[in-house]
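Take a look at the structure set out below.
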Amino acid sequence: MLVLQRIPKRALQFNGVTGTVCSTRLFHHAFNLNLQQSFVPSEERRYRNSNRGFTRGSDSNSNNKYRNSSYDDNRSRSNYGGDKRNNRNNNNYGNNRNNGSRRRYQDENSDIEVFKSKSFNVTTLNPESFHEQVTIDSLLEESLLDANVHKAISAMKFESLTPVQQRTIKPILTTENDVVAKAKTGTGKTLAFLAPLFQHLISTKLQNPLAVKAVIVTPTRDLAIQIASEVKKLQQCNPSLKSYRSLTLIGGTNLDKSLKDLHTLNPNIIVGTPGRINDILDRVGAKYFKDVDFKVLDEADTLLQIGFQTELSLISRKLNEFNTQGEEHIRTLLFSATMDHNVQELAATIMNKKDCLFIDTVDKNDSEAHDSIDQKLVITKSFAESMVALIQSIESELLQKKNFKAILFLPTVKFVDFFSETLSESLTKRIDIIKFHGKIDQKKRTKLVDRFKKTNHGIFVCTDVGARGMHFPSVEHVYQLCVPTSLPNYIHRIGRTARAGESGAATIFLFREELKFVDELRRDTNVVIKNQEDYLNQDKENFDMISSIITNNPDFPEALKSIIGFYKGVQNEYRLNYKVAQNVLRSFSELHSDSSMLLRFRPSEINNFFSNRDMRFVSDLIDVKNPHSFGKDREFDDEDRYTSRSQNNYKSKQSSKSNRFEGRNDYSNSRRSHANQKRNFTFDD
């Protein structure tokens, strides 16, 4: 049971630092969604290049402010690699199953207040409500779809509309309501809103033909570019639609050029990311965005997970204020693969109409994953085995097939860089390996996406920046190493295969201490990985060869550290404990085939990876040295960064626990004088 509340737009006040939500009246309208409610944490997100900070949208009492970060690895980088304000005493492995980043999925009958204030009528259309077979021909016959739109869609040679398109296009065309739609990933959501938008442009072509009439907001630049390409495809299929122009506004591109294009092109459709759209609205919103009729939020759950709630509220408020037909004129279309509390709360904030249509295209007994995906879990004893097993699995596929197209998801940017090289050196059959993450500049990212779309023989190695909304044709297999950042991300990752009616496979490699993730996945998303197998190291020679390639890569130590930082960031998501860190650290020795080989840390970075309490369990598994004690032979450069050398040289096999921590007291004393350090370095509670 969902209790709806609505927040009036006038009550939203933003002072550039925090977002305060006020309400004078309360209205409850309950209806049965038959859905599990999930809480997905809003993660840190850079909003423009300024010192502007926002409190977390999902927690009005939080005093934590967003630090600058990128979309990739937002969870891991918030805990890895540098910010000393990481509240490390609150980040112990497995201290509290309910604390930290994860809030438990809510029972479907819980009384959650989502919308506040004035009357807000919600009509729910569950899957059982749909009996009519909707086609583009039937829409044309009912005069709901213009012949030009019909011609464009027909030329794209779709055999039929997908269930999502059948259930959403007609309600959007026949009502003036706001629409919230839940649909599995890879089911054709883009056309579900593009078709009605083009129909609207045709219907209103005599009314302000040079005005922006639709704004589409996406979580990532790459998804915005992809949607813009879908717009162009429709126009290419019917050139008469080319009179309706579109413009992509995304970060990583020249702002002045965006402003110039907005002035010269007079676009009718804007596709962009929240940060850049907000920048444009601040500068020229009153001039160019006064006639907007639609705003569309694609992948709404991703927008919130990244931490865009405040920006989305700002966009909605500005568009309403600029609109010449009143603040309640703009229709909202919100599409999401998951429908949790945060998505509902966002909808409450940004919807304008008194009537909302909630369209659920997923049966309550279905899993949230696509049915045509063959899911597999490979269980290993260690992270070392997981890495080797992954490479061996890909090698096996390559040997069996002439062409092979796959996506590999990894947790961090550093590990993507490292593992891409390792994979290239390990595979005996040549294949195009494309690494992709948010640290790559936008121009190159666009080229990489196009390259992978066109190839039929390649592996796309990426972070979660490639998990949401991206459509790559004919992807046969999706691989995952380590748990995903959140449960919904698992759904979106595997959704990169088995798209547009095709079948596909998805394999995740987990060591035993990670298996709590599987239980959480089954309980909260109804996704059951039936095909599970234990990894058996039957070819020791091959295992040793791959291990050697891994350890000979000079970036391996830092890449492995980033994995430890990643697990620290997701420990509360799946209630992981210190044993995960132990396993990863032991993998360093296992891959070297030498129990005395320990992963080295500088004293100054220990707090970024381990809490004081965790040090009880991992102190015997790490090597901590004072960089100032190395003299001429020290392995730290002048900027105090770790530089990799032959691992055989940096530690004596006979070293004891005491000499691994040599100099720690001197270093601790020196840190007392550091102006920005709040507490001394110590290994004790």
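We number each residue from 1, going along the chain as drawn.
For all residues, glycine too, the Cβ spot is worked out from N, Cα and C.
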Per Swiss-Prot, the motif 'Q motif' among 138-166, 370-398, 544-572, 573-601 spans residues 138-166
Among 126-129, 298-301, 450-453, Swiss-Prot lists motif 'DEAD box' at 298-301
Apart from the site residues A183, K184, T185, G186, T187, G188, K189, T190, the 8 Å Cβ neighbourhood of the ATP centroid comprises T162, V164, A192, A337, G495
Lying 6 or more residues past either end of the motif 'DEAD box' (298-301) yet within Cβ distance under 8 Å of it, the residues of that chain are 40, 189-190, 193, 216-219, 223, 227, 334-340, 342-343, 346-347, 468-469, 488
Among the binding-site residues G186, G188, the one whose Cβ has the most other Cβ atoms within 10 Å is G186
Other same-chain positions with a Cβ less than 8 Å from the motif 'Q motif' (138-166) and lying at least 6 residues past its termini are 130, 132, 173-174, 181, 183-184, 187-189, 191-192, 195, 198-199, 202-203, 233-235, 237-238, 240-241, 361, 501
Reading the DSSP string in three states, the entry for G188 (ATP binding site) is coil
Residue counts for the motif 'Q motif' (138-166) under DSSP, helix then strand then coil, are 17 helix, 0 strand, 12 coil
DSSP tally for the motif 'DEAD box' (298-301), helix/strand/coil in that order, comes to 2 helix, 0 strand, 2 coil
